[in-house]
């Protein structure tokens with residue numbers, strides 16, 4: 001019974017971090033689908049969400065809701081500026097050049113945050129207290145509920161946006177065939193910009209809602225970003241349910257592995273899964289393989 | 001061919017003479033690390049600049065080399081030279097084994113996979129505390145010895161490291177100007193065409209990956225004996241990114257460019273002492289601006305600038321070394 | 001020489017090729033023609049191992065090579081050129097041909113980095129042979145030029161020289177005359193005949209009917225991924241099915 005309770009506990013906290021990975025994975029997929037870029041600075045958007053919220057709260061003394069809005073808005077602007085200054089001027093956009101540039105942006109953002117706010121780990125207070133709610137012998141924090149709630153809202157929001165608005169449909173058109181999208185009058189350049197903006201917003205939101213649980217600092221982006229990528233890979237780089245499932249599976253496995261085997265290797269679990277999937281099923285867990293036309 | 005030889009001889013002579021006026025001071029110490037970083041960057045450049053395959057896990061091979069030698073020579077009191085060779089061969093075998101599945105991936109996926117390998121190795125170095133000492137590091141590693149000569153001063157270590165480095169630079173120069181190097185560059189330009197021309201792209205990519213791992217491991221061994229103390233933080237993702245920056249700044253596909261990149265990026269933080277940890281801001285800016293405005297790196301930029309300043313003299317093409 | 005047995009290729013739900021079977025006779029020049037989208041380039045991609053076939057087998061001199069990767073087939077003498085010219089643009093013209101001699105040389109990682117004596121002499125041999133091949137296609141003066149800067153016509157010649165470096169038994173050429181002017185096409189026809197005279201079997205995909213009728217001994221007509229007809233140029237010219245495919249129903 002003791003073990004069962006423990007396992008339930010691990011699964012609950014795993015699902016919560018998994019939901020975060022799912023959101024980050026989604027933000028990877030949004031950019032990838034309309035541009036073919038894997039943005040190595042994605043984790044920094046997540047980090048910025050948390051760090052900027054704390055800054056707005058503690059230094060600007062804004063109320064929590066306003067602080068979150070400011071953090072997400074500023075991160076979104078940074079995403080926009082990033083696309084304008086680093087992605088757009090690139091003439092010969094080979095994957096190699098894009099990898100190097102996004103890595104450059106990632107360490108640049110990280111360095112600037114370190115310069116401005118130092119290296120300390122900071123915590124964001126939980127949104128609605130820390131009184132645990134007891135379910136089936138395991139405890140659930142109010143923050144967990146926030147995470148699940150926000151994640152579901154964002155996913156539903158993205159669904160609606162991509163399926164029911166002109167801009168969303170145009171972005172999907174770009175993901176299927178950029179040339180054809182351009183021919184029917186869609187401004188591909190603007191869609192690329194949009195994708196960075198939306199992706200930065202989603203990523204930073206993920207950073208905001210996880211900050212009360214895990215604390216945040218200038219360097220949390222790397223790990224969070226990579227795990228989000230892992231979730232996206234598991235879901236086949238789609239912006240749908242696959243990525244969400246990928247995130248939840250990853251979060252749960254990681255939490256169980258850390259709790260039952262060894263906490264030191266917690267981060268290695270995610271990478272081990274990542275490598276396994278890249279080697280065995282690079283098309284994702286839930287998709288059928290297809291020959292790519294050269 | 002002839003001019004390449006002369007270029008290398010001049011370079012080697014400069015390298016061997018530099019420490020004489022410095023008389024073993026602080027700068028000599030820094031130049032030791034320039035030598036180590038040069039070879040690390042060169043190894044990555046063979047992979048990235050010539051074969052066009054990215055690796056964000058190079059620091060892992062460097063770390064495995066350092067820790068392999070460090071552990072074998074302290075806990076097991078093995079002969080350091082023997083340990084160096086054994087470790088380098090093991091690391092190369094490891095790279096060869098993971099090379100086949102890893103290098104089947106392309107572009108972003110390859111970057112992520114190599115990054116994953118690097119992070120897993122780093123975690124392992126941190127977690128196997130009884131073997132590596134964990135995050136607090138491994139100390140008491142002996143200096144290298146040849147007969148009664150112990151490499152215990154900066155000057156001696158300078159020559160130790162640079163003799164290895166020069167050897168590897170020479171071998172790399174030979175390699176890139178040969179059948180093998182042509183094959184790599186062909187893969188970079190068009191992998192499909194290279195394979196249709198009978199180039200065994202899959203094998204050659206793994207071979208050059210293995211070679212870069214081997215070179216990095218040797219440098220790791222030298223590093224641990226020079227430092228006598230190592231900790232996992234020297235072999236993490238940030239080191240891999242630093243190496244990438246060196247290669248990009250120096251010039252993708254340029255042997256001497258890698259050395260120039262290593263020189264600049266090793267001296268830069270030393271010169272900007274007050275800057276300390278914030279050097280990553282400079283690296284970030286350099287990576288972005290160089291990729292956008294000077295994709296050929298300094299190896300291409302400096303001659304171009306020179307041509308602009310001295311327009312009359314015609315600089316001969318085709319010396320890509 | 002080269003036999004295709006019941007080749008089929010599907011991309012997802014799309015059938016690009018179905019039931020393609022024919023032989024390319026030793027020493028012949030075989031033309032593969034058909035309207036756009038007939039599957040000609042896909043057929044070459046399957047034959048050279050760039051795509052695996054969905055069904056059927058590729059035989060070279062009676063040996064099944066369906067499982068071999070492109071580089072393995074190249075080693076056995078099955079070599080191709082590309083419709084849009086796939087040169088190694090950042091390398092010189094001479095180096096491009098030297099890459100073509102990859103299968104005719106053997107120095108590996110060690111011999112190359114240590115400059116073994118045999119590697120040095122092999123390198124000299126490769127260089128000389130590459131120059132001969134540039135002579136053969138008529139562009140020796142361009143040896144030191146960067147391949148990416150060549151005109152389309154010269155690039156085509158370089159691609160042929162590079163392919164010939166492999167000493168192919170059979171050379172597959174994907175639209176060799178595309179993008180060439182009429183005098184360049186005439187030179188090309190002459191070059192292809194000289195290649196055949198060296199004992200190399202040639203198969204080509206081509207739209208230029210004058211060229212095809214001039215040089216080919218045998219023709220295969222594809223339409224919508226299936227085989228429409230096979231025969232000598234004269235037989236094909238008189239084949240009503242072919243005429244319908246090209247000119248449409250009356």
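Cβ coordinates are placed from backbone N, Cα and C, and glycine is handled just like the others.
Segment annotation: TrEMBL labels transmembrane segment over residues B:83-102 (candidates B:83-102, B:183-202). Annotated by TrEMBL as transmembrane segment, the relevant range among B:2-20, B:59-77 is B:59-77. Looking at B:83-102, B:158-176, B:243-268, B:280-299, the range that has the most CB pairs within less than 8 A of the transmembrane segment (B:208-231) turns out to be B:83-102.
For the transmembrane segment (B:243-268), the residues of the chain that approach it from at least six positions outside its boundaries are 7, 11, 30, 33-34, 37-38, 40-42, 44-45, 48-50, 54, 56, 58-59, 169, 172-173, 176, 185, 188, 279, 282-283, 286-287, 290-291, 295-301, 320-321, judged by C-beta separation under 8 angstroms. Using a Cβ-Cβ cut-off under 8 Å and counting only residues 6 or more beyond its ends in the same chain, the transmembrane segment (B:158-176) has close neighbours at 4, 8, 11-12, 15-16, 19, 28, 31-32, 35-36, 38-39, 42, 46, 50, 144, 151, 184, 215, 218-219, 222, 226, 255, 259, 320-321.
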